[in-house]
């Protein structure tokens, strides 16, 4: 401390004032960002979805038959939107569509079964034909795949690697290429794409999934600037763990909401992006947002410390998954 004081004493007074001012400004911006985060999480409401269309306007949802996609369908239907439900299994889509038709008077649904991992251009052509003439106001890019368990990149199954990139990246881009022209033509629309903490913080043992979500982060932010002047709002929705089949987590906690809680927040906080480092990105669930802010403003999302911590955590998850699989194999 004496050495620091000695060095500080050699700085001219105007320099001391300048350095103190810079430090105070930095602290003020950090405090302001955190206060904005709290306002976004607990007080402010996002853009009213009626901006994107009156009752009976259509929304397109990918990965619609399970988890977050199914919950997006249920909540958008409750808000008066008709739905184009896109997922792999026709029977699940039929059940969901029928359930929503019975629950909401006047509700309409169209279903389209496609396997995004096939990357079949004819599927996208048929999807374009299905939605032709519909007044579409919202696109939810929810379809996605992760690794079955955390796995070293060099041990990743080739099909799993390809499916993750094809579904998460190409599936999202090609669906958006089909739907976005309709939104741009009507001069108003919303595109929500599901992101992940794995796209914000490089995640060892989920390297391919992490990279695919980082790709979506930059693509979505870039697209938001391109479509803004055409009246289309584009946002990336960042999530941590949610109790879904993909996460394999069943119990909720302070840091882990269920799909209903998360989707309610996602639809209720659209456009509240000011506390995020990336343009047109938001973390709707409050504890996710606080956790993310703390990491980014202390150790850093890209720091060696965070990378090492993430690696050790996923090694532990992998080991537990392998032990569980071994126990189940012995029972057979």
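Cβ coordinates are placed from backbone N, Cα and C, and glycine is handled just like the others.
As the structure is a computational prediction, the values presented were derived from the model and not from experiment.
Taken from Swiss-Prot, the feature active site, proton donor covers 209. Residue 209 (active site, proton donor) counts 26 other C-beta atoms within 10 Å of its own C-beta, drawing on all protein chains shown.
Within 10 Å of the C-beta of residue 213 (active site, lowers pKa of active site Tyr) we count 26 further C-beta atoms, all protein chains included. If you look up Swiss-Prot, you'll see 213 marked as active site, lowers pKa of active site Tyr, on the strength of similarity to another entry.
The NADP(+) binding site feature in Swiss-Prot is assigned to 60, 115, 123, 142, 177, 209, 213, 242, 244; the stated evidence is similarity to another entry. Cβ neighbour count for residue 123 (NADP(+) binding site): 20 (other Cβ atoms within 10 Å of its Cβ, all protein chains included).
Feature annotation from Swiss-Prot assigns transmembrane segment to 15-35.
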I'd like to confirm something. Which of the binding-site residues, 60, 123, 177, 244, has a Cα closest to the Cα of residue 209 (active site, proton donor)? 244
Helix, strand or coil at residue 60 (NADP(+) binding site), per DSSP? strand
If we check Cα distances from residue 213 (active site, lowers pKa of active site Tyr), which of the binding-site residues 60, 123, 177 wins as closest? 177
Close in space but at least six residues away in sequence, with Cβ under 8 Å from that of residue 177 (NADP(+) binding site), the same-chain residues are 124
Checking the spread of the NADP(+) site as listed (60, 115, 123, 142, 177, 209, 213, 242, 244): what is the longest Cα-Cα distance, in whole Å? 30
